[in-house]
Every structure is written in C-alpha cells, then in structure tokens.
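Trainee: Mind looking over this structure? Questions follow.
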C-alpha cells in the first residue's frame, strides 16, 4: 500500500492542488479539516508571509501558506498542532507536522544569519539562499534521545514542571555537538536522575514537530545508582511497577509507545504499533 502522504519540493508557481494555512495561532480549519482547495484559500484575505510546496497527499500537490498573523475566515477557526496529534486522522497530522516545521524554518530564515540580507527561496531545493555569502540554510532538525530505563518489572519515570499535572514520562534530552545518541542517553540519564544504565537498545524514532525535534527512542537497563533529581528540570522521579503506573503521556507519542511496548512484553500482551 502506498503512503497517503509523501514530502516533495514543489514550485509554488504551479497551479491547483491543496493547501494549509498556518499562523501563530495554529492551522486554519473548517468542518472538513485543515486541507483546503488551494485556489479557494488564496482568494481569502490572508496575510501571507510566504508559500512553499511541501508534498503530495492522496496524489494531490499540497502547499503551505505561512501567515504573518491569524485572519478571521467565515466558517473557519484556528487550531493548534498538538490537537491534531491527539485526535483525528494521523496522516493529516503528518502533513501538518511537516508544514509546521517548514513554516517555522521559513519564518526564522528570511534573513541571512551572517550578513543580515534577505534570503531567497530556492525552487528546486528545500533551502533559503543568500547570494552575497553563497550560503544555504536548510530546515532545522534537532536530534533528541528518549529512553525508557527498566529494572525487571519496574520502569523509571519522571515528571518535569512543564508537564500536565500528574503525568509521568520517560527521560529525554537533546544531543550535544560531537555526541552520539548513545552518549547523549547516558549523559542525560546521569544528569537528570543520577542513574547509570547498560544494555542500550534502539527501539524506533518519531518526528516531534514542537518545533523541530527528531526523537530517537531507546530502551536501557538499570546499572546502578540512587535517584537524585536534577534541580529545575525534574520535579519528581520514581520507579513504578508495570502493574501500577501513573498517568502517562499521549497515546500517539513515542514516550507512550516505549512504555506500552515494555509493559506488553512483560505481561505477555499484544505489542503496540508506533505511529509513523
């Protein structure tokens, strides 16, 4: 079965297709969702900052209209990306997640970071170009590790002050320059909870467009140490039995997948599938 959504660099000069409109308030939606006939959308009174061709959905070309600000459109409203992640069609969420990352990049790279002059959009490549500096800027992707640390029937979960009240999750952190994903994992676990790990195994990955992370998921076994929480980063961290877990992250997140996968294997239950 072919994928409903595939990314591609499309020339905005071509006509027709579908389009999504994104503002600082989220994506424009109506009763049918966030994908609109492009010609209709461009006839609306929208404050367009730029337009990018981003791919194909069900065989139709898709474009992003990145807006300077939200505009009232009759019969429509604005909806944040996280709401699409939590519910509705996951293929549509993938379109919007990609669009959000391209929109963030386009908004933040209008001017050259070296000389300050306006950059131009390259039509055949996903890049912005500064001619005086001969410099190309590509969409930013931030590699991050996320790990479930286990000890038999116990899993190590923590909560950040930024989490929804009561929710516990796996440990995670951004990779530093010159650092492998495994080195990042060991360092982040040590920094956040002062625990050592062993037998690191890669599990899977997930795009996390909030705003531009690539989450690399791992499982690791406890090797030693007592939990000492990192100030300002970790509000609480505990070992939880797979039989008695606290409130967990959203079901479509890789954090939840890592937890559900381990619990299923310990309890002999059907294994979950990571949304991609």
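The count begins at 1 with the first shown residue.
Using N, Cα and C of the backbone, Cβ positions are placed for all residues, glycine too.
Given the structure is predicted, the values throughout are model-derived calculations rather than measurements.
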Trainee: So Swiss-Prot lists 172, 192 for divalent metal cation 1; which of 221, 233, 235 goes with them?
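Mentor: For divalent metal cation 1, Swiss-Prot names 172, 192; of 221, 233, 235, the listed one is 233.
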Trainee: May I ask you to indicate which of 107-128, 129-150, 173-194 is given in Swiss-Prot as motif 'Nudix box'?
Mentor: 173-194
Trainee: Among 70, 158, 237, 255, which is the one Swiss-Prot gives for the substrate site where 82, 125, 138, 206, 207, 208, 209, 210, 211, 212, 213 also bind?
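Mentor: For the substrate site that includes 82, 125, 138, 206, 207, 208, 209, 210, 211, 212, 213, Swiss-Prot also lists 255.
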Trainee: Below 8 angstroms Cβ to Cβ, which residues of this chain, lying six or more residues outside the motif 'Nudix box' (173-194), approach it?
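Mentor: Contacts with the motif 'Nudix box' (173-194): 142-145, 147, 149, 156, 158, 200, 202, 213, 216, 218, 220, 225-230, 233-234, 237.
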Trainee: Which residues, in sequence order, are found in the same chain with Cβ within 8 Å of the centroid defined by the Cβ atoms of 172, 192, 233 at the divalent metal cation 1 site, excluding those residues themselves?
Mentor: 158, 160, 171, 173, 188, 191, 193, 230, 234
Trainee: Given residue 207 (substrate binding site) and residue 172 (divalent metal cation 1 binding site), what distance in Å do their CA atoms have, once rounded to a whole number?
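Mentor: Given the Cα positions, residue 207 (substrate binding site) is 14 Å from residue 172 (divalent metal cation 1 binding site).
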